[in-house]
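Everything on this sheet refers to the single structure shown next.
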Amino acid sequence: MDMHLGSVQISPHPLNIWKAQEQYFLRMQRNKEKKSMEKMGESNQCKRKLRVCVATCNRADYSKLAPIMSGIKSHPEDFELEVVVLGSHLIDDYGNTFRMIEQDDFDIGSKLHTIVRGEDEAAMVESVGLALVKLPDVIQRLKPDILVVHGDRFDALALATAAALMNIRILHLEGGEVSGTIDDSIRHAISKLAHYHACCTRMAEQHLIAMCEDHSRILLAGCPSYDKLLLSHHREDYMDIIKSWLDDKVQEGDYIVALQHPVTTNIQHSIKIYGLMLDALISFNKKTLILFPNIDAGSKEMVRVMRRKGIEQHPNFRAVKHIPFEQFIQLVSHAGCMIGNSSCGVREAGAFGTPVINLGTRQTGRETGENVLHVRDADTHNKIYHALELQFGKRYPCSKIYGDGNAVPRILKFLRSIDLDEPLQKTFCFPPVKDPISQDIDHILETQSALAVDLGGTNLRVAIVCMRGTIVKKYSQPNPKTFEARMELILKMCNDAMRDAVGLNCRILGVGVSTGGRVNPQDGVVLHSTKLIQEWSSVDLRTPISDALHLPVWVDNDGNCAALAERKFGHGKGVENFVTVITGTGIGGGIIHHNELVHGSTFCAAELGHIMVSLEGPECMCGSRGCIEAYASGMALQREAKKLHDEDLLKVEGMDMKLSEPITAAHLVSAAKMGNSKADAVLTKAATALGVGIINILHIVNPSQVILSGVLASYYQAPVQHVISQRALFSVQNIKVVTSDLEEPALLGAASMVLDYATRRIY
């Protein structure tokens, strides 16, 4: 293009054209960046904080809601917290417990006096009505995005009803559970009003699904109170707390915590049981901390019973209206027993292994640990007194049925995932409930897993093992020589694994321990160990591990664990009767008979390595002679290999053997394969001894299958099968001897104890 100046034509300089183009592109780039920044600003404006309203009605629900409130408050970039307090929090007779919310540094946005006094059925109905009258103004003023409601109280029903009618999304905590009162109906009614659910147990999750709730809106979180109680369980000042609520002379484990509430569907029966409980406690003559009942219908009559019996003046009793949750944890965890019908007994107390006596029907249907003894009904106090005699002073394995201490992070993550643009109207999933196994894999946040511990003579190993038998992560350290160092290392490795399990989305159900020697699995005690593991006899493994990790613990012999591994993950799956024989450093094994592991009366069944096959055979480590282990174990073969080597009869031409390396069983096998007749004769004798020992097992137990496990299994399989076909009775000659496909039988067997036996008990 030419530029005209008067009548003279001037051609533009090429440099000017380049500068003009450069300026053009710079302007385009700046405009593009400006538009991008504007879009980012619009996006940031669109992503606003989630306004969460947490409503608490009483001391019990606050213990579950407080950890969530703290979590929300600690993330101001994501959430705005509003707190509404109503119900018995604001009543002097019940401790004015709103003050502890203020002491916890929460700003209370609204206090609603909603309780109509009377403590009967009519007063409960009127209280719900009063709450429904007052709540709309509060909800309109706060305009929350979501309301968090807990549990099954009549106050919570009023909250859920008001929020649902005012188009506020509801997150319901602890839905899907079952108990024995009107609370069931209220809890399920709130679940039907709620848009989202954070439940505590697998069974509760299944109940919600069966109630046609949308599975994608159900979070299996665990109980939020466990986040606090598991952290603060081991406080150094627990004795100061105990003495402050009882007296200076009381000792740990030498007192009782009592907490009994009315059952609104059968008030007279609950009052009768309450009176009998007080009579039994008076007769039992132990220091007792007794809490006043809640505000349900019938509580006034129960208080009258307590005062008629002079409980408040009795020297053995301390009657209180409220105890802060952190201190209540210490009192329950160190009590000799807890008695009553509070959900704390079947939920939180199990985390400490505290023995519990559950009275009446208020908790019927609740999932409980083995620490709970039920007394459903009684006509005199004798039955309750007998229950106290049975339970007081016992300790049980810690149970994590209701949580593992990580509920709050899961709930916060769940809240962040809520899409406020989704339609508010609930949809119900009416088609049949899907198979629970597929639900676990496809929908829940975590995989059910076990911590497996293998105590070997050389190494100490810990693994996270999932339900399918996959080892998710494995840890290994040299096994210390002393008991104290070994226990310290076990706990450290288990704690490391539990921390990693959270990041790996693995829910740890319990701990399984595989160890050498004779084990009492009922008590979790190693009675006598092998010589390879020093200082390892009369050792209680269950108690220290369970106390430290707050998990149930199972312990068994490594041979039995190998059999359990085969039953769940290997060749023994679906086989009713089989025997596993471990061929390693020693010889061991386990017997499965009618699908159950055989332990024997003194826990030494299946000591297969010590079946005698010769009266004058080589000496065994057990002190006897002629045992299978003295012929066929890795140590026995190593002994024979050293003898041949010392006589210069082991090495053959072409055999690679360095002068500096120690002689092992592997050298003997290698020499035999390369034509060494002396080595072959030793192995033939060993295989024959093993085969004869297995024939004895076949003739006594008559299993349908023999599984060889361990490093020598592949070598022994064919010779042992041949010995059976030649020497056994005709009726057992066709029983198959197979080689295990499992790489880690000890770890998998330890895990299988947890995965098979970490049951959800229902009464």
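Think of each number as a place in line: the chain as shown, counted from 1.
Cβ coordinates come from backbone N, Cα and C, glycine included.
No curator has checked TrEMBL annotations; they are predicted automatically.
Annotated in TrEMBL:
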ACT_SITE  ASP558  active site
BINDING   ARG518, THR530, ASP558, GLU607, HIS610, GLU629  N-acyl-D-mannosamine binding site
BINDING   HIS610, CYS620, CYS622, CYS627  Zn(2+) binding site
DOMAIN    77-415  domain 'UDP-N-acetylglucosamine 2-epimerase'
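Comparing CA positions across the recorded positions ASP558, GLU607, HIS610, the one lying closest to CYS627 (Zn(2+) binding site) turns out to be HIS610. Rounded to the nearest whole angstrom, the C-alpha distance between ARG518 (N-acyl-D-mannosamine binding site) and the residue listed as 'active site' is 9. Here the recorded positions are ASP558, GLU607, GLU629; the one with the fewest Cβ atoms within 10 Å of its Cβ is GLU607. Using the Cβ center of HIS610, CYS620, CYS622, CYS627 for Zn(2+), the list of other same-chain residues with Cβ within 8 Å runs, in sequence order, GLY609, MET612, MET621, GLY623, SER624, ILE628, GLU629, ALA630. The Cβ of CYS620 (Zn(2+) binding site) has HIS610, GLY626, CYS627, GLU629, ALA630 as same-chain neighbours under 8 Å, each 6 or more residues away in sequence. All protein chains shown were included, and the count of other CB atoms within 10 Å of the CB of CYS622 (Zn(2+) binding site) stands at 15. The average pLDDT computed over the domain 'UDP-N-acetylglucosamine 2-epimerase' (77-415) stands at 91.
Taking each Cβ in turn and tallying the other Cβ atoms within 10 Å, the top scorer among the binding-site residues ARG518, HIS610, CYS627 is CYS627.
Across the structure, ASP558 (active site) and GLU607 (N-acyl-D-mannosamine binding site) are spaced 11 Å apart at their Cα atoms. A gap of 11 Å separates the Cα atoms of CYS622 (Zn(2+) binding site) and GLU607 (N-acyl-D-mannosamine binding site).
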